[in-house]
Amino acid sequence: MASHVDLLTELQLLEKVPTLERLRAAQKRRAQQLKKWAQYEQDLLHRKRKHERKRSTGGRRKKVSFEASVALLEASLRNDAEEVRYFLKNKVSPDLCNEDGLTALHQCCIDNFEEIVKLLLSHGANVNAKDNELWTPLHAAATCGHINLVKILVQYGADLLAVNSDGNMPYDLCEDEPTLDVIETCMAYQGITQEKINEMRAAPEQKMISDIHCMIAAGQDLDWIDGQGATLLHIAGANGYLRAAELLLDHGVRVDVKDWDGWEPLHAAAFWGQMPMAELLVSHGASLSARTSMDEMPIDLCEEEEFKVLLLELKHKHDVIMKSQLRHKSSLSRRTSSAGSRGKVVRRASLSDRTNLYRKEYEGEAILWQQRSAAEDQRTSTYNGDIRETRTDQENKDPNPRLEKPVLLSEFSTKISRGELDGPVENGLRAPVSTYQYALANGDIWKMHEMPDYSMAYGNPGVADVPPPWSGFKEQSPQTLLELKRQRAAAKLLSHPFLSTHLGSSVARSGESSSEGKAPLIGGRTSPYSSNGTSVYYTVTSGDPPLLKFKAPMEEMEEKVHGCCRIS
């Protein structure tokens, strides 16, 4: 401490310097005062203790005594090297610890008391002592960035690969770059590789797995509980031992066992932040709504927001699955109970399902048309000449057109109305019955001559004047897939009954108009008839919607008018 004269002299000098310099000088002087005061208090304490010792030797008994571990830790916490040396000389173990497993060496490595650290190590303190969370003194020194203590601990044989309860080694916890360089240099000098590091990390879990296999071989109960009510699955869940937990779950270990505090394995995994373990337990039926004795759910025990979000997502998925299962059961029972009712249960596919269904149909349809168009072009060129030759021979031989196989007109009309005479199906539509030959689905050719114009004979004078529905279609460009979709959708929506008079209008043509209409019918992609027999007339513009044209029904023909036989 400076004398009074020195302080006055310094004060006169400080009046001439800037304010910043005076502030620095004041801070320096204050630090010296505090240091002197601390030294004074420590000296005073020592004098008191000496005086007490002298009095105790006089025959007076102690009234308060402390355990050696408490006294040693208290002296280390105060950085009292002399008292620590006194305890060590009196045969007090340097490895004594408190209820948390913390030794004097741990405490000195945290507070950076280098002198006491050397003193404890020189008296045989365990350099790799572990507390309740498996932290060694090297973990503490590396975490705090005390490079001088790290060097001392390594010189005394500290384990560089020691793993704590979180699975971290000293170099995992070190954030100070110079200290980390020292640790990594020592690891490289000892020949530590990444394979060895991984092996050391997995060693605790591997030991637990081997113990579980021994219990299985001995036929012991895997739901065994310890003194706190914890099972092996609790331990695996708290430490994040996934392989050990999977082994236990595969052998039927219960996931809902509670310890004395009401904790299930999922609570332990949530409290210690074991996210993969929580997912594994939930997938095996662990309840996210289970509560402890303190009415806490697993999500209430989480400290990390990321883990809370994960548990909320798992809970939401679990609720959705349960609701879907209940809905499925209720729908099955409802269908069973209302089997006789009509239209009470309406099932609609979702918009996405319908869109995917239409897309698949259109893709398949496009592929089908690419294959079929090439085959039909080749087929058309092959038998197109046969058609003309057949028609010419028939016109020369028989002025009255007829079917190659005699069929009554009434039966023919009946078959058409019932849909028994169908042409090849193209684009999901039925090909019309025409007066020419067609290629059937099995590859055969169905031949048919022109039919006489019965429409005039049975009182439909306006039918013959109707222009052919495909008269303007021949000159159009090939239809696109979009047009095919629109035509097909329109044809499916129409649900009108088949009009038999369309047959007469389609077959009552002259030889010239018939030859012009053959090409669109044989080589065209779509038919003017829908799958339910409805005739659809298309305008010249391909983009216009199809129009339905109705005609008066043909009167029922009598069988006596046309016989099945004729005189040639």
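Heads up, the Cβ atoms here are built off N, Cα and C, so glycines get one too.
DSSP assigns S69 (phosphoserine) to a helical segment in the three-state reduction. Cβ contacts within 10 Å of S69 (phosphoserine), excluding its own Cβ and spanning all protein chains shown: 17. Per Swiss-Prot, phosphoserine is recorded for S69 (among others).
As annotated by Swiss-Prot, repeat 'ANK 1' applies to 100-129. Across the residues of the repeat 'ANK 1' (100-129), the predicted structure has a mean pLDDT of 93.
The list of residues near the repeat 'ANK 2' (133-162) in space but at least 6 beyond its ends in sequence, with Cβ under 8 angstroms from a Cβ of it, reads 101, 103, 105-106, 109-110, 112, 114, 117-118, 121, 127, 168-171, 173-176, 178-180, 182-183, 186-187, 190, 192, 196-197, 200. The repeat 'ANK 2' annotation in Swiss-Prot covers 133-162.
Residues annotated as repeat 'ANK 3' in Swiss-Prot: 228-257. DSSP labels the residues of the repeat 'ANK 3' (228-257) in these numbers: 17 helix, 1 strand, 12 coil.
As annotated by Swiss-Prot, repeat 'ANK 4' applies to 261-290.
Look at Swiss-Prot and you will find S333 (among others) tagged as phosphoserine.
The phosphoserine annotation in Swiss-Prot covers S337 (among others).
Residues annotated as phosphoserine in Swiss-Prot: S350 (among others).
Annotation source Swiss-Prot lists region 'Disordered' at 373-403 (among others).
Sequence annotations record features per position, and here Swiss-Prot assigns compositional bias 'Basic and acidic residues' to 386-403.
Per Swiss-Prot, phosphoserine is recorded for S477 (among others).
Per Swiss-Prot, compositional bias 'Low complexity' is recorded for 505-517.
Residues annotated as region 'Disordered' in Swiss-Prot: 505-527 (among others).
The cysteine methyl ester feature in Swiss-Prot is assigned to C565.
Residue counts for the repeat 'ANK 1' (100-129) under DSSP, split into helix (H, G, I), strand (E, B) and coil, are 17 helix, 1 strand, 12 coil. Long-range neighbours of the repeat 'ANK 4' (261-290) within the same chain, counting only residues 6 or more positions beyond its ends whose Cβ lies under 8 Å from a Cβ of the stretch, are 229-231, 233-234, 236-242, 245-246, 249, 255, 296-299, 301-304, 306-307, 310-311, 314-315, 318.
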